[in-house]
Structures are given as structure tokens and as C-alpha cells.
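Annotation source TrEMBL lists domain '2Fe-2S ferredoxin-type' at B:20-98. What TrEMBL records for B:98-137 is domain '4Fe-4S His(Cys)3-ligated-type'. The annotation domain '4Fe-4S ferredoxin-type' is assigned in TrEMBL to B:160-191, B:204-232. According to TrEMBL, the feature domain '4Fe-4S Mo/W bis-MGD-type' maps to B:239-295. Among the features that TrEMBL reports, region 'Disordered' is placed at B:930-957.
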Amino acid sequence: MFHTEEESIVTMINHIAQNNVSAGSESDVADIVENHITKFWSRRMKKILSEQLAKGSETFEPAAKLAAERLSAKISA
Amino acid sequence: MLQHFDPNKDYGTPASLSEKMVTLEIDGVEITVPEGTSVMRAAALHDINIPKLCASDNLEAFGSCRICAVQIEGRRGTPASCTTPVDAGMKVTTQNDKLAKLRRNIMELYISDHPLDCLTCPANGDCELQDMAGAVGLREVRYGFDGNNHLDAPKDQSNPYFTFDASKCIVCSRCVRACEEVQGTFALTIDGRGFDSKVAAGQNDQFLDSDCVSCGACVQACPTATLMENSVIDMGTPEHSVTTTCAYCGVGCSFKAEMKGDQLVRMVPAKEGDANHGHSCVKGRFAFGYATHKDRIKAPMIRDSIDQPWKEVSWEEAIGFAAKRLKDIQAQYGRESIGGITSSRCTNEETYLVQKLIRAAFGNNNTDTCARVCHSPTGYGLKQTLGESAGTQTFDSVMFSDCILVIGANPTDAHPVFGSLMRRRLREGASLIVADPREIDLLSTPHLGTATHLPLRPGTNVALVNALAHVVVTEGYEDKEFIAARCEGNAYAKWREFIIEERHAPENVEDITGVKAEKVREAARMFATAKNAAIYYGLGVTEHSQGSTMVMGIANLALATGNMGREGVGVNPLRGQNNVQGSCDMGSFPHELPGYQHVSDSVARARFEKVWGVTLDDEPGLRIPNMFDAALSGEFRAMYVQGEDIAQSDPNTQHVEAALSALDCLIVQDIFLNETAKFAHVLLPGSTFLEKNGTFTNAERRINRVRKVMPPVAGKEDWEVTVELSNALGYPMNYSHPSEIMDEIAQLTPSFANVSYEMLEKHGSLQWPCNDEFPMGSPIMHTESFPIGDEGKALFAVTEFVPTTERANSRFPLLLTTGRILSQYNVGAQTRRTDNQAWHDEDILDIHPHDAEERGIKTGDWLGITSRAGQTVLRARVAERMQPGVVYTTFHHPGSGANVITTNNSDWATNCPEYKVTAVQVEKVSQPSEWQKNFQDNHERQNKFLRGAASSADAVK
């Protein structure tokens, strides 16, 4: 149970990472998370994710954070 | 329509499946039929119609009435043709003086104890007894009517849909046998012996109080007016019929809508229905009264604010009002500020049009469907592993299963007609494994095989399926040949390495699942060693935070044991609503165009752009929960909702209500003022399935025709309204019939390429994929290869068990799981407006005796149920079928507020809500919750607004 949209976005990316933890290294897991978000998340969700990353949210899991960084870089490019 | 047999004819006994043919002679005619065919059926197949009363071709031969006696050369006596199988060289005589006299004598005895009120009898003209009396030439009853008889036997009128008039009963046992053989409930019996024999429901209970589930099989089977629909008693016999598809549940039963003019008299299950073969449930058979209920919305309505009364307007004004609002909002807040929701209750054609409207006319991908909250994990999980977002089998396939694994599904309640077929297979000896927190009715069904219940804790599915697969692999039950030939090697190796880890052993997950390790091992062995093992699952799999993982785990288990690509096996999602499969197929999800073609696929997009004449967005749009969040942030301002009630069905009701209240324009198209419509600015009258043409796709991918039997109450079929809205928005749509929409679907959707109304008329139904590769459709999928990867090989998926964050603790010590019941359907908008209320007029909280005792709770007490999301109040029922620590309720009544307490936790891959796990506390209370009080106030206010609109319109007229 979460209370804000920002909280839910970070929870969701962490959740994707947790459910794919068996993929291998942190980078491998991040690949899956990145692909999943690219394929299923809307622009708006990706934007909120980038904003949360930029704010320095400390609730990201490592693989989720790595994926979020890659996605943010793509958005800014 | 292609038919091997005339579905309107009763051949007396079931068809033999033997491939060996036997030739015999009946009345001098040489006849060749499969071995095992009865003489009666062999004769009927060649239009030699032997009189019969106790025989029916959906029941095993019984041989009690003796009317069907024949003579066979070289054999003594006059054997019953229904119980006598054909023999090579047999010479049968069906008509001669001796047989005629015998039949007349038998009929005379029947009629001597039968009321001679044919002219005032509701079955007059539709009575087999009457027909047979004529056929045997009965002209007198020599015994008189003064002796002992049953003519004063009382009527049982307890059931709201049919009457049992014992005075007309001939004790042929067809009703009793239909209850056993067709429905599998065993609610009826023949009580007493000899002259005292009579049909009884249970222990001489009233029908309504007995185990009878009102499926109608007994009414269908009755050859007299003993069991008769009340609608026929009231209205008389119908004069024409139209075959169509039921709009309840994912079984998709075919029915004959029997009519008098434009009035529906009764729904009779169609024998030629490929999904139901002449069977039905209480909803499809009887609960159609909502179509003509006084609450139907009969005119379009608009209002500026949800705090204002409705104003009844013309279609033109309502559509114009809606279009202007949508355009103004987009002009002010941008292209992505609006969106819509398609309906799993509407037709494929209507769903296709709504998503087309959103993508082409709105110019964004903000389309979603209620499958989001039910089977979206099925779409994801099966696509990832098997390459196609659909179940692999036909319903009939279960008749070849030797082991049936049911996970998180309750087929006898939620998919009753398929539940009956499953019960039939269990009676034939298939073994049954049920993984469910509750002890579902299927476990107590009479059967010849083994029944194993794995009563797992809510939220632990993945741990259980991993444990089952662990046993399969570590005990050497893998189908190595199948895996080598049909599965991708690297993915398999990776999965195998994962699944053999000791942490997945049943002994090591026993504390997680609560299921004894040895029971899990036994179940795994039973599944793996069966010749054909099939998995059936429902929302108890998908509506979890690991729903998608569990679907993949199910696919892994089927692949590992080689149970794929033939009859009797496979992975079978039991879809909740009538067109969940279709709504997903038709591109309702924000990331997929029709046929599951991703919006980022430039080749697929180009094909749609060419036909639709617009440029399409290549990014996924908003899902339903994202729409709510965006509405609350002010970025999403308008929504078009066709045939869904998100305010009642979606989780965390207070969050949903706040989001809907924040919209500048909510357009609801529905047959009633549903909960969502109370937040709407435009209310467009919807049409029921009886009022339109189209198709539904059921859980076995079967595309079935929906045919209009009466005009829409407000003059328009749902697809016509979407067309008009699109035209008003400046994006032209030009269709004169849903068949033209299907032609466009076929043009753009590879799996539907060969589907057309012409093909459907010819074949009755088609199962996709239906294209050049599979021109007649695909009853069983993946027989040769999987539509995934370059090599067409299935992909095992690593299924890590990640426990839900929604956990019980000292504040919320119980786990709530929600579901549905036989007599009500989904949000209940339809069934609550029928006599099905007789069985379930309120949602109840089931609680285990131990939990009840701890809290001093008795059945009937009012209970406050509090979760992290909210509180509601329901009445208690202390129920042994629950396990300690788990409580259960349904969500069929809006005032119950079942979703006020469900949380916004969701599946990691699809956002499907975690309805099946909510930590709650339960305590005795004396008044409704605050939400319920507010609900009641708003309910009364909004209904007043609606009544005001109707009366002001009347005043104008």
C-alpha cells in the first residue's frame, strides 16, 4: 500500500527488479527492467521516474536505479 | 451452418465415439453406424423415428418407459431400442401391429394418471407426452380416472424461474438424470417405490431450499409440463427463435433466444453450441430480466457538473456535447489529457472501435480495459513463455484429461457450464488437484478419481508452483523428449538450474505456503505421471502482486511435463467476463494494437496507419490505475467508459472515486446508472447483448456470433454510438453493420485473417488463430511449434517468489480474499436486477469458526472489516470451508464496499490489482461504515438526479 504516485512509481520499478533478480548481475537485471519499462510504461510514468531519480530518491534498489538512470539518459538524449 | 446432425432433433441416445462401423437393417433399410450406437439412434439418424419418452440424446439410455420397444429378428420379446446397441447384420422392425398395441397400452397407463388439461397446459403444443400419445394412436383410456392417482399432487413454486407441477410427472427420471449426468449436482432423486415414486429435490425439500443450482437442465429434459419455465406459464409458448451467445462469463454458451414478437420468452441452451453443447447455468438460462428492467437508461443525458440533475437530450445533442468537451479539453491540456476504457462485456467489434477511436481520433494510446484488473497477467505470462496471450485448449479437451489441476479458480460457480463438463470427466475417473485457500465445491463432487486439496495461504502461489516443478525435475518426471524438441535450450537450462535449488523443495516452502510437503510431492507426482494433465486457473492466480510470475510458473510446469499441444493437456485461463479474451485480442491495452502487435512495431503500426489514415503514437499509453493517478494530478481530464463499472470493480474505491470526481468530463455508456455513471457528465444508453449484432470470443478463443433479437431500447447499438462520437470529433468512421468492422479486424489482425461473418455463419464458431496457416481455426494451439522466437520453441521463465508486501500483522491479522458466487455476475449490475437475488441479495463475509470464536462472532453478526485502505461493514457467515486466518467475500453489491478495503498493490508486470490478498482486522460493529453512509447518500442523490431528468423529459413530451 502506497500513498503517492511518486511512491508507487518507485515501488513498481523496485518490484520489477525484485521479480527478475534471478536474471544475473545487477546490470542484467537492469536490462530486463529497462526493457520492461520501455515496452509497457507510458511517457508520463517514465517522466515521473526520471524526476524521482533526479530528486535523489534513496528508495531505489540498485538494479532499479541503474535501469532508471539508463531510461533517464534516453529521455534526455 | 455446417452440422453433422440436426441440432433440433433429439436422437434419443448419445452418439458413439467408436470408429468401428456396424451395418444393420431397420425396417428394411440398410444402415451403417458406429459400433455402440443404440438401435433408437441408428433409426433416428435415418429418419425412422421410434416413439420415446424417457430417452434423450444428452442422457445415457435408461429404458424405463418401454414406449420405444422394437422387434429384432432372432431375439425374444420386444427390447427397448434405447438400451439395445446395434449389432452387425441385425434386422429390426420398429412398426407393426404388435408393437403398436404394446405402445398404446403403455401410453394408456401413463395417461390414466395424467391431468387431461392439454388446452390450458403451458406445454400445449410443446409436450412430448402429447406428441407420443398422438404418435402411438391413443384414442381411449379404458381404466377411467377414479383410481389412485397423483392428480392432486401439489406444485412447488419456490424457484423464481420454474414451477414443479408433480401432478403432470410421468416419473421418466429425465430430470433426475439431467441433474446427475449433465449438471453433475445430484440434487434430484426419485423418492419412494412403485406407485409412490416421485421426483424429489434433496430430502423432499422445496427446490429453492435444496442443492438445486437452477441450471435448467431438468426443465430442459422434462417431456411434459412438470418442470416448466414460469415465463412460458405466464406468456405462452414462443413463436420464433434466434441463436446467439450468452453475455455472462467466459464460457460463451450458445442459446436460442425464444421469442414472441420482440418479447423474450426464454433462453434455451443450444445443442449445437460448441462451448456448451446444450447446457446452461442459472445466469444464462434465466437471468435475462435485466434487459427489460425499469432501471434501463432509455435516453442520452448530459450535465455540467456531477452535483447537478441530469438533463435528457437527443442523441445528437449528447454526442455533440461530449465531442465538444473532449476537443476543448485536448485544446487546453494537450493530446494525452483524455482516454477511454473498452468493455469486456461488449462485442469484439465494439471494443475494436473504442480503441480505434482513442488511438485514431483522440490521437493517443490511453486505452485500457477491465482485463487490466483480471487477466492482464495471463496476457503477459503466456506471451513470454508460449508466445500467445491465450489458453491453449478447447473446453471439450478436458474430457481427455487424466489429471486436472485447478489453481485459484472455482469453475462450478464462476464458469458453471464448463464446471459441469469438468465434473463429468471427474466422474469418469480423472484425478483432481485443487490449489486454493478455500475448499471449493469441485472437491466434494462425486467422482471416481483422487481429489487432493492444497490449501495454500493467499499470496503464496509462486512458492507452490515452484515446489511442484522442483519435485517434477528432481524426482525425474521431466518429459525430456518434449523439452528437447519443443523448448528453447538456454532458457530451459537456466530455469532448471533455478528450480532444482533446494530452497524450492516442498519441505522448505511448507512454512510459506502452509501446505504439507508430502501433499505437494504427491500432487506433483500425480500431475507428472498422468498421461494427460491439464491446468485450469482463474483470478486466484492473476490477481496477485506476482500474478504474471505465477502464470509463467504454470506454463513452466506444463512444459516440463510435456503437457502441451494435444487434447487433454495445456494451460487454460478461465476468463471472467464474456469477452475478456476478445477485448484483449482487439487491442484494448495501451501498449498493443489489435492482435497483440506492439505500438512500437513500426511495420504493424504502418499497416494500421494506412487503413486508419492517421499517424499513430509509438509509446504505450496510460493504464487504468495510471489514468486515476493522472486525473488526481490534473493532467488527465476526460474519459470515455463503455460498459464498465470501474467505480465498483476497481480496488481502493476511495482513490477511484476521488479520481473520477476530478475529471472535467466523464462519458459513460451503459445500460444502467452504474456506480461510475454517478460521476459522469454524459450518460449514453447502452444496448444489451440481446439488442445488437457482433461477436464474443470466449476463454477457448472461440469467436461466436451475437445476434440481435430485439431493438435497442434507446435506438442504437453500442458500436453505432462510438461511430457517431468519432464522427463528431472529426475522425470519420463509416460502417453500416458490425460485419464490416470484423472485415477490418481481419485485415489488420493476423490471427483473425480468415474470420468473417460468412465463415461464422457457415461453421457456427471459429477458434483463432484462423488464417491461411490455420484456415479452419485452431482448437488446440501449439501442436507443432510456438509462435515465439526464430525457432518456434517455448521459453521457460525463471519464476522467483517475491512475497507480497501486503502482510498480516498484529493490527491486521487476517487475510481477505475476494471472489464471486454462482448466482451473481461481476459487479452485479445485471444479475441484481433479476430474481437471482433470491440466492444472494447481499455480500457476506465468510470466516473460519476459530477466528469467529476468538472474536465472539456468530453467523449474521455485523462485522467491521478494516484494512490499510479503508473500512466497510458486512454480515458474517461462519464457514468451515475457510482456513483459519483467511476471510472471504464477494463484490456483487456496490453498497458492500468490498473494494473500499482492497489496496493499490498490484502485479509487478501488468498492474493487475492484488484483490486476493488484503490484510484486515474484523470486529463486531453496530452500524455501517462512514463510506457506506456516504455511498447511500450519494446513491439517493444521484438517483434523484436521474428521476428528475426522466420526469422533466416526460413534461416536455
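The backbone N, Cα and C atoms fix where each Cβ goes, glycine too.
TrEMBL does not curate its annotations; it predicts them automatically.
Across B:20-98, B:160-191, B:239-295, the stretch most heavily in contact with the domain '4Fe-4S ferredoxin-type' (B:204-232), judged by Cβ pairs under 8 Å, is B:160-191. Counting residue by residue with DSSP, the domain '4Fe-4S ferredoxin-type' (B:160-191) contains 13 helix, 8 strand, 11 coil. Residue counts of the domain '4Fe-4S ferredoxin-type' (B:204-232) by helix, strand and coil are 11 helix, 4 strand, 14 coil (DSSP-based). Note on the domain '2Fe-2S ferredoxin-type' (B:20-98): DSSP counts are 9 helix, 21 strand, 49 coil.
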